[in-house]
Each structure stands twice: as structure tokens, then as C-alpha cells.
Amino acid sequence: MEPEVVNSEMLLPPVLPFKRVQMSDKYPKGHARGRHWKHLKQILQAENYPSYPANEPNYLNIETPPSMYPSKKFCDITGYEAQYIDPRTNLRYANPDVFKRIRMLPDDHVQRYLALRNAAVVLK
């Protein structure tokens, strides 16, 4: 540095705003490092729900009406959202590659896939 700057009586701030702050300086030992999330089990224990009236809604007795949106259909092979259904086997599929794979499946495998989603059908 230049001698004028060194000999001057300027005070520099201890932390410069353009420098990164070390985590040890930002959070000294024993201090919290941010937001802590509670799990449902911790919430239930802390709230003492047995003392609440039975008709008051809480995490233990919450009831909701059925969804207003239509249920999503998923591909039986890949698990992606399925837009198509094979008319011969009634299996849902997401893309043409899966359709080719479905057409190569033996009937007993097709029956197993249908049984997984409780839609077992006797194939002709």
C-alpha cells in the first residue's frame, strides 16, 4: 500500500461487505443455525391433544371432503402420468415405447399388472 494510506488514521470496518463471512463468525458455537422444523410427532406431543374437546378439529381427527379434481392416471409400467390406454389389455401407458413393450408382454404378466391396481380383467 502507499505510505499515505498506511500512515493515515483511517478506520476500516472489521468486516467488509464484499467478503464472505465465515460460518464460525456468523453462528458462534452453541447458537442456532436457522429455522428448525418440527415433525408431526413432535407437534402432537407438544400440543396435548387429549385435553381438547372432541368436536374441535386438530391433527388427529381432521376430516376432509373428497377432492374436486379428477384422479390422476399413471402408467402401469413406468409410473409416469399416462395419457393413453391400450384397448386390448386395458393397461395405461405414457409413450409409444411403453406401448410396444406392453404389446410384447405375455397375458399372465398383463394380468399381474392389472391386479396391482385392482383392475383384473379376463383377456380374450
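From the backbone N, Cα and C atoms, a Cβ is placed for every residue, glycine too.
Predicted automatically and left uncurated, TrEMBL annotations should be read as such.
Mean model confidence for the domain 'Vps72/YL1 C-terminal' (73-102) is a pLDDT of 94. Per TrEMBL, the feature domain 'Vps72/YL1 C-terminal' maps to 73-102.
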With DSSP, how much of the domain 'Vps72/YL1 C-terminal' (73-102) is helix, how much strand and how much coil, in residues?
7 helix, 6 strand, 17 coil
